[in-house]
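So the structure is just underneath, and the comments pick up after that.
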Amino acid sequence: MAASKIGHGLAKALGIKLEYRDELQLKEEIRRGESVFSSQTADTYVEEEPRSAEWIAGVLPNGHDLVTYTRSLFPFTHWIGRYNLQWLAGDLVAGITIGAVVVPQGMAYAGLADLPPQYGLYTSFMGVLIYWFFATSKDITIGPVAVMSTLVGNIVTKAHKTNPEIEGHVIASCLAVIAGAIIVTIGLLRLGRIVDLIPLVSISAFMTGSALNIATGQLPGLMGITGFNTRDASYKVLIHTLQGLPRTTLDAAMGLTALAMLYLIRSACKFAAKKYPKHQKAIFFISTLRTAFVILLYTMISWLANRHHRMVAIGVTNLLGPFLGAYPATGSFSRTAIKSKAGVRTPFAGVITAVIVLLAIYALPAVFYYIPNASLAAVIIHAVGDLITPPNTVYQFWRVSPLEVPIFFAGVLVTIFSSIENGIYTTISASFAILLVRILWAKGRFLGKVKVHSVVGDKIIGDASKPLLPGDNNSFAKSGGSHDDTSTRNIFLPIDHSDGSNPEIEVQTPYPGVFIYRFNEGFNYPNANQYLDQLTNHIFATTRRTNLDHYPRPGDRPWNDPGPRRGKTAVDHTNRPALKAIILDFSAVNNVDITSVQQLIDVRNQLDRYTSPSVVDWHFTSLNNRWTKRALVSAGFGYPTVFPGDTAISRWKPIFSVADIGGSDSAANAAEATSSEKELKEQRIHELQRPKHPDDIAPDGPRTDSSSGRSSGDLKEAAVRGDHYGRAAVVHGLNRPLFHIDLTSALQSAIANVKARDEFEGRGGEGIGEVP
């Protein structure tokens, strides 16, 4: 209490108006918009404004939330206790399969990172071993990938030039720790949605450009050509490779045949899987192991020829991995797909893969020397080939959003002719620019009313007596010449059919002087001015001023309204309606800000001057955010505008949307059912005690109980059917009568009040809608 008094005292001293709406001097009935029906419901409803303390309480976690959050960090605790032999069988197959794939890929990708092959195995081991503790997906495999390895290699090369005394694996490990710390922080703070700022077209361009960059960089190793920097821009590497073809060595024979064998095995397995579907599983494993087979084969050939030659999990992997020699790792698309097809059952398959990699670390160091670089280059080129976006996918991009396809090609070209990093910057910047353009130049739509029927077969839903007549001109069989029945409903379409609706359908204007405007891209400070300019320009072009100004002398006119030129007559706009009401559809708006609300206030004042001495009613529909309602109410929207010196009660006709309280099983309906049964018993007792007389029978039907207003026949019928007389209540608060549940109720309210106002003014402002 003391704090409240101190707060009010400070507000008064600083000139802060806490009760800002009291200055509107509205009567309680006007502010609440109370109607006879609403005042007789079981319970009225006044919507309360959200408060900052309420928002803070909803954001800050409580004890239960902290326990849930802590348990969510270790998802394996939910399923490890139910682990069984059937799951183990599936995990063994998938784990061994991924182990056979990740070992050769890890050794190959280490070369992209400018590191010895064993560091690729260290990275693979830590990725699959740690991830299962934090795994929320059984399919994802963490480890070295081509694109990440390439970026690490670029950093290692640049850092080694300035600090040659530092070994490359130390630089890579430091990079992994830094990246891991950042990713762990993002994961723990649940900020993973930052990644959503990168659009799909940017990711596709990045993957395609990176794949081309990596494949081009591996061509010299595939052909055994040396003498230039393979980490230059892709086009330079390609030019140098073509220029160095005369220097091709015997390595090309091993590299080209290995690459051909990889594609040949994959093609043969695809063909065999289609031809022999019963053996599809075995063929899949053969195709998966092709990389390991090729590496082992060409390692043996080389030895015979010359014996001397996801976010928290990824972050923790990168944080702990460097202590065992790992470099930055992330999720692998190809190995994840293989793991899923191999029949993995739980994330524990990663432990089995870790065992396979650990065996390779201890068993293969002696043969690392004999692995030919040309074969590793073939493995890399074959792996990254699947990262290139197929032409059909690019075509589908064009079908969905033609404006984004140039961004895709720009990202690929920049990656090829500059670097992977610049390609990422280009695509993200261009996508962000398009997003801003769509927001800044957003356009709303003016809506009109159309009556529609729902048809199933040749019958109209809701009225089986009106079939759809056959023939070329589909028409309705009219029984009474009117469609104002339950079989029709109102929908609202753009007046100009800009949404692609049938232009032959006539869209009716809502009502003379009433406009329905729908926002399409939210309503915030970037596009508020664009929206409201479109709104006012259309209103000025289709309506007239309430009072036309007449100036006896040209100099009396304001500068911004000079009137017609000399010798020209003014355009007659008297046939246009005067502006009466505006309905704003907020179905696409979730939040508003200070700028957008202030500009809405400015437009309201501008239109009030335009319609002076009358005012414009502002109706809002589909307001789904309580904070948006609070902002609009703070600006004076949501309830009728008071005329200067007028109580407005004689012209205000509230219309509300009501619904049954609770449901058929609610306490309110149960009470109503009990009340109905009690009334029925009392009427039966009353009828038995009352002497029968012919005059007691009413000529117009059954008797009515004056206390309840219900006939005994109705009560008996309800008792037989088991009906409940439910009570209704308003859906939204009575204190905000101009906030409506949908466009239909908003239009009904706007038209009713426009008609009431016209009737009131037509009779000189007396006797219309007086409240007794």
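In case you wondered, yes, glycine gets a Cβ from its N, Cα and C as well.
The transmembrane segment annotation in TrEMBL covers 92-112 (among others).
For 119-134 (among others), the entry in TrEMBL reads transmembrane segment.
If you look up TrEMBL, you'll see 140-157 (among others) marked as transmembrane segment.
Nonlocal intrachain contacts for the transmembrane segment (169-191), taken as residues 6+ away from its ends with a CB within less than 8 angstroms of a stretch CB, comprise 113, 115-116, 119, 152, 155-156, 159-160, 163, 311-312, 314-322, 325-329. Positions annotated as transmembrane segment by TrEMBL: 169-191 (among others).
The feature transmembrane segment is assigned by TrEMBL to 197-215 (among others).
Residues annotated as transmembrane segment in TrEMBL: 282-305 (among others).
Within its own chain, the transmembrane segment (311-330) is flanked in space by residues 73, 110, 113, 115, 118-119, 122-127, 130-131, 133-135, 142-145, 148-149, 152, 169, 172-177, 179-188, 192, which lie at least six positions past its ends and keep a Cβ under 8 Å from the stretch. What TrEMBL records for 311-330 (among others) is transmembrane segment.
Annotation source TrEMBL lists transmembrane segment at 342-364 (among others).
Among the features that TrEMBL reports, transmembrane segment is placed at 400-417 (among others). Sequence-remote contacts of a segment are chain residues at least 6 beyond its ends whose Cβ falls under 8 Å from one of its Cβ atoms, and for the transmembrane segment (400-417) they are 199, 201-202, 204-206, 208-210, 212-213, 216, 233-235, 389, 394, 423-424, 426-427, 430-431, 434.
The transmembrane segment annotation in TrEMBL covers 423-441 (among others). Within the chain carrying the transmembrane segment (423-441), a Cβ under 8 angstroms from the stretch's Cβ atoms is held by residues 197-199, 201-202, 205-206, 209-210, 403-404, 407-408, 410-412, 414-415, 521-522, 524, 526-527, 530, all 6 or more beyond its ends.
Taken from TrEMBL, the feature domain 'STAS' covers 512-637. Along the domain 'STAS' (512-637), the predicted structure has mean pLDDT 85.
Sequence annotations record features per position, and here TrEMBL assigns compositional bias 'Basic and acidic residues' to 547-559 (among others).
Here TrEMBL flags 547-571 (among others) as region 'Disordered'.
Residues annotated as region 'Disordered' in TrEMBL: 668-719 (among others).
Feature annotation from TrEMBL assigns compositional bias 'Basic and acidic residues' to 675-696 (among others).
Under the heading compositional bias 'Low complexity', TrEMBL lists 700-712.
Distant neighbours of the transmembrane segment (119-134): 73-76, 98, 102-103, 105-111, 113, 140-144, 149, 169, 172, 310, 312-314, 316-317, 320-321, 324-329, 346-351, 353-354, 357-358, 360-361, 364; these residues of the same chain sit at least 6 beyond its ends, with a Cβ under 8 Å from one of its Cβ atoms.
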